[in-house]
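Undergrad: Grabbed the feature section from TrEMBL, which reads as follows:
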type	residues	note
DOMAIN	19-150	domain 'Semialdehyde dehydrogenase NAD-binding'
ACT_SITE	Cys158	active site
Amino acid sequence: MNFYSSKTKERHHEKLKQKVSIIGASGYSGSELTRLLSDHPAVEILHLYAHGQAGKKAAEVYPYLETDLTYETYEGDLSSNIYFLALPHGEALKLVPDLLKAGKKVIDLSGDFRIHSVSVHEKYYKNTKPEGSTLQYGQPELFKEDIKKATAISNPGCYATSITLALAPILTDAHLKAETESVTVNALSGMSGAGRSSKTIHSFSEMSGNVWAYKIGVHQHSPEILQNFGLDIACPPFPFTFVPMVAPLVRGIYTTTTVKLKQKLSLEEAHARFRDFYKNEPFVRIKNEAPEIRGVAYTNYCDIGIQYCDDFGNIVIISAIDNLIKGAAGQAIQNMNLMLGLSEETALKSGFFGQ
Ligand SMILES: NC(=O)C1=CN([C@@H]2O[C@H](COP(=O)(O)OP(=O)(O)OC[C@H]3O[C@@H](n4cnc5c(N)ncnc54)[C@H](OP(=O)(O)O)[C@@H]3O)[C@@H](O)[C@H]2O)C=CC1
Ligand SMILES: CC(=O)N[C@@H](CCC(=O)OP(=O)(O)O)C(=O)O
């Protein structure tokens with residue numbers, strides 16, 4: 001027998017929902033968090049915080065958002081259970097300690113809490129931070145059990161996600177890691193990777209028909225990627241060369257990772273290894289063909305294709321993600337789902353644009 005009217009049930013469910021706020025909600029990652037969390041069955045968004053755009057309605061800035069909320073200035077409110085931070089580097093460091101002291105769950109999308117070594121962080125991010133300021137790193141495919149137990153997460157960088165997932169089936173294997181002679185990565189990023197406030201990168205005349213490489217050898221995701229495999233950028237056991245490039249796409253990261261091993265691995269062996277490694281991962285798809293940006297845009301998937309193995313021990317792995325979803329907001333929600341004991345797929349497998 002049904003003891004509850006559907007209205008009472010609805011109110012009961014509303015009460016059980018996690019109260020969530022987004023700080024930095026008016027940026028590209030923040031707007032994707034808003035869009036995806038608006039459809040999340042276990043979440044109610046209480047506040048959207050912005051900086052320059054405070055005072056505007058979210059749906060005026062991003063007309064596709066289905067929310068009546070107005071962007072506010074964050075002044076220390078603690079009424080939510082969960083805080084997502086999608087702020088420029090350095091800003092989360094100022095807010096996270098107080099949120100944690102108040103017992104809040106935190107998911108930070110910036111680089112502030114990713115790197116364990118303070119000196120490495122300061123070298124690559126060009127800002128200072130106190131010793132010990134790292135949070136559980138939120139790459140679900142590598143650290144799922146730790147994420148489930150965590151109260152605060154440092155969400156991975158976008159390139160770092162794509163490259164870490166391309167390398168994991170090789171570098172988490174002690175034997176293959178010891179056999180690795182070099183890793184060389186070329187990666188194209190869509191322009192939204194630079195954030196909404198970037199001026200040059202969003203100028204049509206600068207970007208149209210153009211591609212450029214930048215931060216070669218000094219990109220902040222290099223130490224993050226090596227750290228994911230227990231390697232220190234100050235003394236890597238093999239050369240790691242990373243060439244990021246920006247391309248005239250709005251969204252997407254497209255990465256080719258070449259691993260040179262001392263031994264030869266056949267294409268069949270490589271495919272079997274990758275398929276086995278990711279067999280229980282809902283958001284990594286191993287493809288027979290080279291992946292494409294349009295296959296992952298607006299989704300939380302990382303598509304991976306192992307395209308070439310030669311007699312010299314080279315393996316070419318191609319991976320593609322949407323930088324704003326698997327590279328930012330989607331992965332952050334995947335982490336929240338794990339922290340809350342929900343299915344990690346909740347709100348991430350439907351409702352996407354263009355699908
Ligand atoms: N874009 C991407 O693909 C990815 C980004 N990230 C990281 O996520 C974070 C957010 O990036 P993204 O969304 O691209 O950035 P955006 O530049 O698009 O947005 C930045 C947000 O922070 C707010 N903001 C800007 N300056 C300040 C300030 N001084 N104090 C408080 N709030 C401020 C902005 O508010 P307003 O607009 O109202 O001024 C906006 O809401 C960054 O740390 C980035 O590195 C991580 C992975 C991928
Ligand atoms: C195109 C572009 O400029 N991309 C940004 C990556 C942004 C990101 O995801 O990484 P962080 O969170 O570490 O900033 C860059 O290369 O710095």
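Cβ from N, Cα, C; glycine included.
These figures come from a predicted structure and were not determined experimentally.
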Undergrad: Under a three-state reading of DSSP, tell me whether the residue listed as 'active site' is helix, strand or coil.
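TA: Once the DSSP labels are grouped into three classes, the residue listed as 'active site' ends up as helix.
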Undergrad: Count the residues of the domain 'Semialdehyde dehydrogenase NAD-binding' (19-150) that DSSP assigns to helix (H, G, I), to strand (E, B) and to coil, and report the three numbers in that order.
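TA: Tallied per class, the domain 'Semialdehyde dehydrogenase NAD-binding' (19-150) gives 43 helix, 26 strand, 63 coil.
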Undergrad: Who sits close to Cys158 (active site): which same-chain residues at least 6 apart have their Cβ under 8 Å from its Cβ?
TA: Ser189, Gly193, His221, Ile253, Ile321, Asn323, Leu324, Gly327, Ala328
